[in-house]
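Colleague: Attaching a single structure in structure tokens format; questions to follow.
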Amino acid sequence: MDFYYLPGSAPCRAVQMTAAAVGVELNLKLTDLMKGEHMKPEFLKLNPQHCIPTLVDEDGFVLWESRAIQIYLVEKYCAHDPALAERLYPGDPRRRAVVHQRLFFDVAILYQRFAEYYYPQIFGKKVAGDPDRLRSMEQALEFLNTFLEGERFVAGGDDPTIADFSILACILDCNVRRCRVRSAAI
């Protein structure tokens, strides 16, 4: 399956971690946003929202939004291994709800605040980050630390879930950019 991605993208890395966990090989299609490759007509035909990551399955099914892709990969490619599916994306409604909550926390709070603080510096050539946005991002990291109190993984349990992959990818970006993550166990 084709996977349109950018190596430095946390959402793309989360999908790559999920694909590796379920044993799916991705045909990597580097998509250079700085060159506008995501705005070319052939890409827009696949994904009118012109975002990455974008997955094109063997049968032509197209999906974007990293967390949706993660869920799809587990549901489709773990059918042969229910135990693996259960570890990555639990079937129990309460455990799955916590995984969803952590995924939504990542997309709406953690990664969003990371992007609000760092993207102006990365893409806008702004040298210094906005102190208010830094405080907001640090607050999101404190929420994450609260989730991890007494836990090995962000959604609890004994095994990492797709929520861990998603949040880990964001935290790796934070670490590269020298954010302060004190007690995160992932």
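If you go along the chain as it appears here, the first residue is 1 and each next one adds 1.
Just so it is clear, glycine is given a Cβ too, placed from its N, Cα and C backbone atoms.
Predicted, not measured: the structure shown is a model, and the values here were computed from it.
So Swiss-Prot lists the following for this protein:
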DOMAIN    1-81  domain 'GST N-terminal'
BINDING   SER9, HIS50, CYS51, ILE52, GLU65, SER66, ARG67  glutathione binding site
DOMAIN    92-186  domain 'GST C-terminal'
Colleague: Which of the listed binding-site residues (CYS51, ILE52) has the least company, meaning the fewest other Cβ atoms within 10 Å of its Cβ?
Modeller: CYS51
Colleague: Take the Cβ of GLU65 (glutathione binding site) and count every other Cβ within 10 Å, whichever protein chain it belongs to.
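Modeller: Its Cβ shell of radius 10 Å holds 18 other Cβ atoms.
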Colleague: Quiz question: given the binding-site residues SER9, SER66, which has the greatest number of C-beta atoms lying within 10 angstroms of its own C-beta?
Modeller: SER66
Colleague: At a 10 A cut-off on CB-CB distances, which of the binding-site residues HIS50, ARG67 has the highest count?
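Modeller: The most densely surrounded of these binding-site residues is ARG67.
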